[in-house]
Amino acid sequence: MQHRPHLLLISLTIMSVCGGSNGLTDQLNNKNLTMPLLPIEFHKENTVTNDWIPEGEEDDDYLDLEKLLSEDDDYIDIIDAVSPTDSEASAGNILQLFQGKSRIQRLNILNAKFAFSLYRALKDQANAFDNIFIAPVGISTAMGMISLGLKGETHEQVHSVLHFRDFVNASSKYEILTIHNLFRKLTHRLFRRNFGYTLRSVNDLYVQKQFPIREDFKAKVREYYFAEAQAADFSDPAFISKANNHILKVTKGLIKEALENVDPATQMMILNCIYFKGTWVNKFPVEMTHNHNFRLNEREVVKVSMMQTKGNFLAANDQELACDVLQLEYVGGISMLIVVPHKLSGMKTLEAQLTPQVVERWQKSMTNRTREVLLPKFKLEKNYNLVEALKSMGVTELFDKNGNMSGISDQGITMDLFKHQGTITVNEEGTQAAAVTTVGFMPLSTQVRFTVDRPFLFLVYEHRTSCLLFMGKVANPVRS
C-alpha cells in the first residue's frame, strides 16, 4: 500500500478596499453577507488583531509599542563587510540600499526585491493582457513562518529566494533570528489603529487533530508571527465553513468562499489575511468621473470610468526606463505609485528592470507640482497558487516529498498548495488595498496633466517602514 504524504497548505487572503466607501457600504448591508459569530474554540488569542473593536471606539494605540520597541531595536547599524561568497554586484547594491536605513526598512527592501522577482514569475505564467495583483508583505510573512521549520537545502533555498542570507551577511550584528524578530516588529508597526487608514492582518495556524507538530516550532510562530496552533479536522466540511466565515469577518464581508475545498490529507494550514482601506489626500470628485478611452494595445481601445482631480502631486519622468511616475497619497503615510510607460511596448522593459533601486531612484527624483490627474477606476480580484512561480525562482525542495521540514514535525510532511487570493478596489474616495542622482530624470514641469490611459503598474508603500504592501499591473481596467 503506497503511503500518502502529509500535506501542508498555505493560504493568503488579501482585501484592499482602496478608500471606497461607495460599494463597500452596499456590500456590508447586503443581507446575504451575514457574518455569524465564531465559536470560541475556532479562533483563540492568536493574532494581534483578534478582537475587532467597532469603528470609532478604537484606542489611539492598542499596542504598547514602548515595551515592544526598545531603543536599540531600530538604530542605524554600521554595515560590515559582506561575505566574500556574495557577488560583488549584489553586495554593492545591498550595501548601497542599506545605507541610512533602519533594520525594518532594510528587511523591507529585500522583501520588495523578492516581490518583484515573484511578480515577474507570475507575469511569465500569465497572458500579456492579464491584470496582476499580489500582497508582498503577506507572502513574505507566510514564507518567514514556514522557514522556521525548514532544515538543510530546503531552508537554504527559501532563505536565498527571500534574500534573508543577504540581510544576515550585511552585518556581523545580524543573524537569522534577527529577521524573524523584525517581522514581529513590522507587524506591530504596520497594523495599528487611528493612522487615518485601516490596515489589519491575521495569521492563523491550523493543525490536523492528532498530527504531531514540534513544540519549538509552535512556540516560534507564536512568538514571532502571533500564530497560535489550533486543532482542526480538515475532512469535516464544517471546517471550511468556519474558516470562510472567519475570512469574511476579517475582510469586512468582501471576500467570500476563500476556501472551496481542502485535501483530506492536509495536516497543517497557514492562513494569512490582510485588509486595507485608505482614503486619498486629494480625492477625485465623483462628478468629474467620465468615460474615457484606455488603450489596451496598438489596436484595441476600451471605454473606462476615468476619475479626474487637480492638486499637488509628486511625480517624475524616468528617461532611462521611458516611463512617468506619479505618487498618490493616502491619509496616514501610505501612498500608491502609478508607473506608466511612455509607449505601450515599454511595459516589458519596465517589468524586467523593476528593482528596489529603481523605486528609490523614482522617489528621490520626484518634484511636487500642481497637476491634473486622470486615473481609471478599477477593481482586481486575483487567485493564485504560487507553487510553480516559486519553483521557477529556485524554491523546489519545499514542494518535493523529500523536502526537509523536520523542524515542523518528526513525521514526513510536504506542501502542494500555496494559495494567494486578493481583491483591490480603487475609486474616487481612495483604495478599499542605482546611485541617487538626477541624471536621466527631469521634473514634470511642463506637463500639467498626468493621464493614465494605457496599461500601468501600481505599488502601495507604507513610508515609515518602507514596506511594499501591494503591487500589481492594470492591463485592462474593465476586467478583474
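Each Cβ is built from the backbone N, Cα and C atoms, and glycine gets one as well.
As given in Swiss-Prot:
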{"type": "CARBOHYD", "residues": "Asn32", "note": "N-linked glycosylation site"}
{"type": "CARBOHYD", "residues": "Asn169", "note": "N-linked glycosylation site"}
{"type": "CARBOHYD", "residues": "Asn368", "note": "N-linked glycosylation site"}
{"type": "CARBOHYD", "residues": "Asn404", "note": "N-linked glycosylation site"}
{"type": "MOD_RES", "residues": "Tyr62", "note": "sulfotyrosine"}
{"type": "MOD_RES", "residues": "Tyr75", "note": "sulfotyrosine"}
{"type": "REGION", "residues": "56-80", "note": "region '2 X 11 AA approximate repeats, Asp/Glu-rich (acidic) (hirudin-like)'"}
{"type": "REGION", "residues": "173-193", "note": "region 'Glycosaminoglycan-binding site'"}
{"type": "REPEAT", "residues": "56-66", "note": "repeat '1'"}
{"type": "REPEAT", "residues": "70-80", "note": "repeat '2'"}
{"type": "SIGNAL", "residues": "1-19", "note": "signal peptide"}
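Cβ contacts within 10 Å of Asn169 (N-linked glycosylation site), excluding its own Cβ and spanning all protein chains shown: 19. The glycosylation sites under consideration are Asn368, Asn404. Their Cβ neighbour counts within 10 Å are lowest for Asn368. You'll find the Cα of Asn404 (N-linked glycosylation site) roughly 51 Å from the Cα of Asn368 (N-linked glycosylation site). For the recorded site, Asn404 (N-linked glycosylation site), the DSSP three-state label reads coil. Separation of the C-alpha atoms of Asn169 (N-linked glycosylation site) and Asn368 (N-linked glycosylation site): 38 Å, rounded to the nearest whole number.
According to DSSP, Asn368 (N-linked glycosylation site) sits within a strand segment.
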